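These come from TrEMBL:
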- K305: active site, proton acceptor (ACT_SITE)
- S189, A221, P222, G223, G224, D240, D260, D276: S-adenosyl-L-methionine binding site (BINDING)
- 4-74: domain 'RlmM ferredoxin-like' (DOMAIN)
- 87-163: domain 'Ribosomal RNA large subunit methyltransferase M THUMP-like' (DOMAIN)
- 187-282: domain 'Ribosomal RNA methyltransferase FtsJ' (DOMAIN)
Amino acid sequence: MSQMDALLLYCRAGFEKECAAEIIANAAQLGVHGYVKAEPGSAWVLFQCASAEEVKLLTTELPFYRQIFARQWICVSPLIEGLPEGDRLTAVRARVAELVPRYSEIWVETPDTDAAKTRLGFCGRFTKPLTNALEKKNQLALGSSAPRLHVCFVADDAAFVGVIDADNSSPWFMGIPRVRVGKDAPSRSAGKLVEALMVMIPEDRAHELKAGMRAVDLGAAPGGWSWVLALRGIRVTAVDNGPMAAVAMATEMIEHVRGDGFSYRPHRPVNWLVCDMVESPSRIAQLVAEWIARGHARHAIFNLKLPMKKRLEEVRRCADIIEQRLAREDINYSIEIKHLYHDREEVTVCLMQDKAVR
Ligand SMILES: C[S@@+](CC[C@H](N)C(=O)[O-])C[C@H]1O[C@@H](n2cnc3c(N)ncnc32)[C@H](O)[C@@H]1O
């Protein structure tokens, strides 16, 4: 019987090193030491552990939302290789039959690279016969608390098969949220904020971003982020020396202030600070921490533009800067840092002060 003794992680192509370094460090904190298989540009990382128990420990003890660079994680059995073109189903079905008694859902996926995604049509066609096979064996319990089945074709003739619990993993196929951004969005960046609002604000705190609130957007031009907030009924002060797009200003919810984002401060506190300035990450971390520490804004969403090297170290340095500054003011907060689907050489941070403050 195959053991699910490895953890498969999906990430953006080119970020395999960061994804690997992160899981190695997080696993080590639980006393789990494994080795990594990661090919640059493949968009997946395999963290091989000594036992299935260790892999299970990781996915139960580590909160998935705390993984910065992983889009998804799956406990997997050894790679099935050499699948014949005419019949890939038999071997996959045999593996699926032996892993767990029941599955709540079936996702047949590929890594997120242009080459791999050409297999998505095949994945779609593969799902139906696999579903039928599981139904026949009474192994499908849709909507139950059973783990979700993932089959990931990392090559035309090779697939990982494994499971993950829905309550500690990404709820999105291939770990990619389906984000809808209006066609007239002033910039591609708008998608980043839409995604951040969708995946980073917990459901029980959704009311903390609502119509009637006020926000400041530092580095706002041409206005994608301001526009996203304006469409939610939030009044935005958009700070940037550059011009704002007419479509954003036409919302009548945005005041454009031409000025420097580092020296601007609001006359009265705002609910949200958002910031997408292209600047050194530690400078942005200091600035945001200062805004929160001095009570200029209650919550913040911001980007940290990452250098090509030492990206994980840089993110950790920024988290430390924020922690140290807010600890001085005794401010309790939760922070989530994520390499979102819409992020390229950057990560997005959502910092929310806890309900009971000071
Ligand atoms: C990536 S763009 C922002 C895009 C914007 N979030 C959107 O959705 O359209 C970065 C912006 O930051 C602005 N910027 C950079 N440094 C700044 C500073 N010190 N003060 C104000 N704006 C700054 C630039 O002018 C640029 O418009």
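Each position is counted from 1, following the chain as shown.
A Cβ is built for glycine as well, from the same backbone N, Cα and C atoms used for every other residue.
The binding residues for S-adenosyl-L-methionine are recorded as S189, A221, P222, G223, G224, D240, D260, D276; their greatest pairwise CA distance is 20 Å. Each of the binding-site residues D240, D276 was ranked by the number of other C-beta atoms within 10 Å, and first place falls to D276.
Other C-beta atoms found within 10 angstroms of the C-beta of P222 (S-adenosyl-L-methionine binding site) number 20, with every protein chain shown included.
Sequence-distant neighbours of A221 (S-adenosyl-L-methionine binding site) (same chain, 6+ apart, CB under 8 A from its CB) are A238, D240, N241, G242, P243, M244, A245. In this view, K305 (active site, proton acceptor) is surrounded by 17 other Cβ atoms within 10 Å of its Cβ, with every protein chain counted. It is 18 Å from the Cα atom of P222 (S-adenosyl-L-methionine binding site) to that of K305 (active site, proton acceptor). The binding-site residues G223, G224 differ in how many other CB atoms lie within 10 Å of their CB, and the one with the most is G223. According to DSSP, G223 (S-adenosyl-L-methionine binding site) is assigned to coil rather than to any helix or strand.
Among the binding-site residues G223, G224, D276, the ones whose Cα is located within 10 Å of the Cα of the residue listed as 'active site, proton acceptor' are D276. The DSSP secondary structure for K305 (active site, proton acceptor) is strand. With DSSP classes pooled into helix, strand and coil, the tally for the domain 'Ribosomal RNA methyltransferase FtsJ' (187-282) is 30 helix, 20 strand, 46 coil.
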